[in-house]
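Reading through the structure tokens given below for one structure.
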Ligand SMILES: O=C(O)c1ccc(O)c(O)c1
Ligand SMILES: [Mg+2]
């Protein structure tokens, strides 16, 4: 379907917005009136620029406070509307959005509103313009799309139809199924926005927190399904008011926006992407630095076997069972170690790569020799390199033999990578959620807030349905932005966390220091026996329990921007020890600041 984006979604001047929308692959834009009013270009020049860029101007908006008013007031409305219709002729735009009255309505009567829309429709038709009437969620009298449709039906004018905006409908919890009772030809425009589940007044929610489809909590695929069953065949248009997107790079936001529609057309079935199964697990993680020596030591303590050096690159491989870590010193710009790449195991790397390409994920190139495996790779919004490898039911991935000169692995205590935790800059968090869910097909769990020394940290887990592949995204606190980067971590899974911790301590690992108060609290909450508590305190283990099982885990010290965790899940425990995150973050804060 044709795609469009409201200029209000983007940062910068009107011409910058148009260029970014065109570059991102949109077919058209909604001209948001304040953008035009603030622009030095004449309407004719804007129209010419749009035409040069291959963009249509699909909608002019908003026209406010038009109906439900006194006759005296309505005369002023008509005068204002005529000026806008002439402006629209100069722009070459034929549809104007009319929002339900917020400020000047004094008459709560559908017949009166319908009559005024009909007369406005006559005036519009005389200028070759159509009116798309939209119920704002906070309209004075009309705040429900079903009432807006009733008024349009009463107006019964060929130039008067409705505009459906997913935000106004879903934020109020109105059932979108009744959309199907509207004839498609009367749906003059469709605006799409997602939003996080928040408890606040709808106006503030709408003006500051809208998100692109796939980034929030609304079921936009179901919503779009209802609209398409009416026969609507106009553009899918994004209208996202969001303070972050209005401040950040316009090209990047436009690309993100376009990706959200590609994703939506896939889940709604109107334009399916190459279908990919969810990742079955992790192929590898890669730590990169000029010198990863300290990380090599830590991996040895955790029981990893050094498998050798890469035959053509300055990289070393460590494995323990199916858990594989590459320490890469090749072209490393960062002095301190960072988690640079994550390899996912997918059923078909070429299909997953085709899907990523369709979603316009930026490609990552690495020099690969002719006889080496070439894994497709894409850059996530935060720069993390995402590799797509073949699922290996067997222990070693196909690229492992490229490393030589190390040792043969023995019996393993680790059973794989449980999850990877990636810190996100605050401004690209939502984009990252969309990236991982759309490109890899991971599902986003409900977001959480984790108490930390720097305040509540936003956290969101994305996972495969089977749970064999999980990533956790956390907002990186501001103080880290100029520093080496907020630490990220890899959690390894084991069936015997005490044995892994004992082995690590015997090899010189110093567990992250957890205070006695934590263990006293564990006794109070769970009544664990003394000997178990003593073992946990000695090894720095943390514990959590839910209705279906329990969870024991520990953390290593942080080296630069990386640390590791080892976890043991028992029964059906499916979480990540979230109640312990604050304790862990405080311990890391102490270690970092040596207090
Ligand atoms: O917030 C507003 O006023 C506003 C304006 C136009 C729209 O289409 C909308 O959904 C909201
Ligand atoms: Mg709208």
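Glycine is no exception: its Cβ is also placed from the backbone N, Cα and C atoms.
Because TrEMBL annotations are produced automatically, they should be read as predictions rather than curated entries.
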*Can you tell which of 331, 407, 419 TrEMBL lists as binding Mg(2+) with 489, 565?*
419
*Record-annotated divalent metal cation site (TrEMBL): member among 94, 108, 165, 266 besides 134, 191, 239*: 165
*Within the domain 'VOC' (416-569) only, compute the mean pLDDT.*
91
*Determine which residues of this chain, when 134, 165, 191, 239 are set aside, have a Cβ within 8 Å of the centroid of the divalent metal cation site's Cβ atoms, and list them as they appear in the sequence.*
97, 163, 164, 166, 167, 168, 189, 190, 192, 193, 237
*Taking the centroid of the Cβ atoms of 419, 489, 565 (Mg(2+) site), which other same-chain residues have Cβ within 8 Å of it?*
418, 420, 421, 472, 490, 491, 492, 564, 567, 576
*For the binding-site residues 165, 191, 565, which residues place their CB under 6 A from an atom of ligand 2?*
165, 191
*For residue 165 (divalent metal cation binding site), the number of other Cβ atoms found within 10 Å of its own Cβ*: 26
_Please identify, among the binding-site residues 419, 489, 565, the one with the smallest Cα-Cα distance to residue 191 (divalent metal cation binding site)._
419
*Output the one of 134, 239, 565 that, of all these binding-site residues, has the highest number of other Cβ atoms within 10 Å of its Cβ.*
239
*Contacting binding-site residues for ligand 1, chosen from 165, 489, 565 when the Cβ sits under 6 angstroms of any of its atoms*: 165
